[in-house]
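Swiss-Prot has this to say about the protein:
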type	residues	note
SIGNAL	1-27	signal peptide
DISULFID	30-75	disulfide bond
DISULFID	40-54	disulfide bond
DISULFID	55-100	disulfide bond
DISULFID	77-114	disulfide bond
């Protein structure tokens with residue numbers, strides 16, 4: 001009986017340790033996406049040519065989105081962000097990667113199916 005009490009105590013202590021240590025979350029967050037593209041808002045609303053800061057953010061985001069899961073997450077975040085900002089010029093948004101000298105494997109559009117992004 002003493003052994004089972006010790007085993008239970010050890011199991012409880014292990015559960016407490018596991019519960020109190022948050023899991024490491026890997027992957028891209030919407031906060032990172034928003035942070036990288038914050039310098040692009042003027043371009044996305046007014047067109048013209050994106051600033052060097054904007055293109056730096058676009059390139060940085062492209063570098064962060066290393067896996068298909070990251071790219072799907074970035075796509076979903078961009079769609080959410082675009083829906084929350086009034087006055088976005090979607091033609092300018094679609095042209096943004098090319099104007100910054102990068103290629104992405106999916107169109108930037110409110111109708112993009114993020115589940116198909118690889």
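Any Cβ shown, glycine's included, is placed from N, Cα and C.
Bear in mind that the values here come from a model prediction, so they are computed numbers and not experimental data.
A map of Swiss-Prot features onto the structure.
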residue	record	Cβ contacts under 8 Å, 6 or more apart
30	disulfide bond	73, 76, 77, 80, 81
40	disulfide bond	50, 51, 54, 57, 58, 96
55	disulfide bond	99, 100, 101
75	disulfide bond	106, 112, 114, 117
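A coil conformation is recorded for residue 100 (disulfide bond) in the three-state DSSP classification, outside any helix or strand. Among the disulfide-bonded residues 54, 77, 114, the residue whose Cβ has the fewest other Cβ atoms within 10 Å is 114.
When other Cβ atoms within 10 Å of the Cβ of residue 100 (disulfide bond) are tallied across all protein chains shown, the result is 19. When secondary structure is read from DSSP and collapsed to three states, residue 30 (disulfide bond) falls in the helix class.
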